[in-house]
Amino acid sequence: MDERTGWHRAQPWVSLLVRLGLAGVFLVAGGLKVTDLAANGRAVNAYQIMSYDAAMVVGAIQPFVEIAVGLLLLIGLATRLAAWLSAGMMVAFIAGISSAWARGLNIDCGCFSKGGQLPPGVTPNYLPEIFRDVAFLAMAIFLIIYPVSRFSLDARLDRPFSAEPAEDDVLEEDSDESTDHTAQRRGRA
Amino acid sequence: MSSRKDQNAAARMVRDQIAKEQRRKRTMWISIAAVSALVIAGLIGWGIYAGAKTTEFTAPKGANTAGNGITNGSGPVVVDEYVDFLCPHCKTFHDEAAASIDQLAADGKITLITHPVAYLDGASTNRYSTRASAASGCAAEYGKFTAFADVLFANQPAEGGAGPTDDDLIALGRQAGLGDDFAQCVRDKRFVNWAGHVSEEAGRAGVTGTPTVLVNGKPTQASAATIAAAVAAAAGATPSASTS
């Protein structure tokens, strides 16, 4: 399995960096918004994509989901799933910003702030915001392709890849019946 | 037919199969746990939103019929201004334009509707925006909204820290000529729900930032000159000498 190439040894470390980087992005973005949900709802409403009430609900839910995804990435649980969700959110954000741009809206994207309308005379800077989200999207896609990373709960739970010998190593010698048993035990845990 | 080697190979295949099946199950449970965490996170957000939604409110005297702003004057052109007492740009706008806008109202040219929104509760540690807006409702109730707004902007706290307390607001009210009934109104938090209603209606109207000024419903730059020009255009007249 281990092809002893440089990349094979480096990949889990690179994945770790990407995972923690993306976790930081989501925790910061969610943390900044979670203190004022109404303001975030108005920021969503500023995109004029959905009704006011829908925007307020989305605005209230989004920071918590961002923090949850950030925490999953931080501890490395369900990394690939969390990466898929990250990628999905980034695609949605990129689409939202592009659509605001295309419609000539003059808004703050609200990516790392409370967002809203920009004061007159201030021109929005959509392109860097889109590039930044594309970079985050690339990080998420990397994690989808290479979800195995160092210091992750996934690796800890995935015993066959674990360095330390686990009690289930009986699996190697035991009969089918008892292995079945082990699987059930683990399933219930 | 089956040699020992074949048996070993078969056993290994079965073991691999079982290991694969176990990994699949584990992944499934981990995914379920992760998705549950996300759903719970979303529900927390929704619960907080639903719990914070304003329900019953009473509008103070001097409010417009919609109950989402305080009126001043009764001229033909309607000027809506959305301000947050904590917003620095609103203070700049107030300092620069309030006198001439009040004059337009006094001259019978405009109906000024001031919407004291509480958008910046996140920018003070003690919900100053909401409390200031509610207190301005009390001031309107006792007929001194404009004077109280002047005092609030003159004593605007910096964003990020603790804003004036309710007692401080009462003291500021006295500067504007408000008395004990105002003090009681502030202590009773009589118009806190109204402040929420003003903010919600403003959000519904698409106001995402403050200050926002609408002249007959049209967004206008928040400055004395542009507002005067927009009012004059809306009234179908040339700008009068008093506003130039």
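In case you wondered, yes, glycine gets a Cβ from its N, Cα and C as well.
Look at TrEMBL and you will find A:12-145 tagged as domain 'Methylamine utilisation protein MauE'.
The transmembrane segment annotation in TrEMBL covers A:12-34 (among others).
Positions annotated as transmembrane segment by TrEMBL: A:54-74 (among others). Long-range contacts of the transmembrane segment (A:54-74) within its own chain (CB-CB distance under 8 A, at least 6 residues past either end) are made by residues 19-20, 22-27, 29-31, 33-34, 37-45, 47, 81-83, 85-86, 89, 143.
Summarising the annotation, TrEMBL assigns transmembrane segment to A:81-102 (among others).
The transmembrane segment annotation in TrEMBL covers A:130-149 (among others).
Residues or ranges marked as region 'Disordered' in TrEMBL: A:164-189.
What TrEMBL lists as compositional bias 'Acidic residues' is A:165-177.
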Intrachain residues whose Cβ lies under 8 Å of the transmembrane segment (A:130-149), provided they are six or more past its termini: 11-16, 18-19, 21-22, 25, 73, 76, 79-80, 82-84, 86-87, 90-91, 93-94, 97-98, 101, 111, 155, 161
Taking DSSP states H, G and I as helix and E and B as strand, how many residues of the domain 'Methylamine utilisation protein MauE' (A:12-145) are helix, strand and coil? 101 helix, 4 strand, 29 coil
